[in-house]
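> Got these off TrEMBL a minute ago, pasting:
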type	residues	note
DOMAIN	A:27-247	domain 'ABC transmembrane type-2'
TRANSMEM	A:29-51	transmembrane segment
TRANSMEM	A:109-127	transmembrane segment
TRANSMEM	A:134-161	transmembrane segment
TRANSMEM	A:167-186	transmembrane segment
TRANSMEM	A:226-244	transmembrane segment
């Protein structure tokens, strides 16, 4: 299977899965928009109505963090099970095992752009009009995509060997939710060194801050940091791909015996 | 490998051991294959006979290149393409028969366009009617098998490995499937065909191997191998008082 066939297969599978999912629900594709809107409403109710958070634009602040985070956590958690879930197919044909995590990620990606549209609508609702500087979001989104790829490929590999990793991954994403500055601003960490460390070792914290810089502050994030991060992620993905290639049949044997 | 150009696949001393976790840090070991040596020659239809759990499916998976054997060697001619056909597995229940047929073809290396081009014949052969556009989860077992067989038939590979396909479907479809298989077999297709049914092997294969308990118990002429397999099964019946 060459790369073109691989990409076409990933794309076709992801589209078909979305179509199947939509056909099972009465509101079908409408859920893609409804889901994030309901999220916003729930948060609005908790933080603005119940808790009456004083912070200006807190809801917007929250959504700029939560929506990118949800993309990450959903993709990684679903994608990590993708190899195990495709046992039937793995039993039957010798195919690159990366196909399954990639398909799962692609499926999430196709939904995500709708969710991002909802986010942008909200940003505009709060009076931040789109400008050319919004284009600086593209590298941020790309970097997050790379992060999702690396984490999911690793996750799916580990879960294929030891099912318990599924629990570890769930705990891990929970930990990330609290440590990435979704409900709070990482710039409020007093200790500058600590903040730097968090930014370096938790790429999600950096990325979420970058989303906010562009969308809310009309400011620029640390481009060099982003470039280094992306390069590191790409190197990581490349290495994991090699492991997958070398161990393709070992993974199959493990899943088959599973 | 044997210098004989006719040999497509040569397996030497294949063993397969499965380890599954039973309790925390304990595992259960199952030796499915214990040192099998066999060859597959170009153009032949090799039948593999054996009762349930004798290691047939493990052997097919190794021959298809899906897993490595635990020990032993599998040598094949360079550039050899292989495909394993098993039914009922690998279909996505939420997708329609049509979408599943497209995916199956693409998984076997066809482009999306080529995959779509085969749809008509698949639909016709599978006789699914309007169900072809319904999700596979709404299919009966027989319908799923028909779709599986129809998609599988479209593959173009050097070695076709077939796992108990003919034992599914109603009598009409069984005959149709058998005929379609024979057409393929009479061509130059190399086939390894697995079954627990001696009659079936006898009907379609020119050479047979009988596996029992992970080792080869007999091989060679289809009729003779089938005969000793039947004898063995009869004795088994007597032993258990059936």
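Placed from the backbone N, Cα and C atoms, the Cβ positions cover glycine too.
Have a look at these and tell me how they're positioned relative to everything else.
Panel annotation: around the transmembrane segment (A:29-51), residues 22, 58-59, 62-63, 66-67, 70, 111, 114-115, 117-119, 122 of the same chain, lying at least six beyond its termini, place a Cβ under 8 Å from a Cβ of the stretch.
Sequence-distant contacts of the transmembrane segment (A:134-161) (same chain, six or more residues past either end, CB-CB distance under 8 Å): 68, 71-72, 75-76, 79-84, 97-98, 100-102, 104-105, 108-109, 116, 120, 168-169, 203-204, 207, 210-211, 214-215, 220-221, 223, 226, 229-230, 233-234, 236-237, 240-241, 243-244, 251, 254-255.
Through the fold, the transmembrane segment (A:226-244) approaches residues 96-98, 139-140, 142-143, 146-147, 149-150, 153-154, 157, 203, 206, 210, 251 of its own chain, all at least 6 residues removed from its boundaries and within a Cβ separation under 8 Å.
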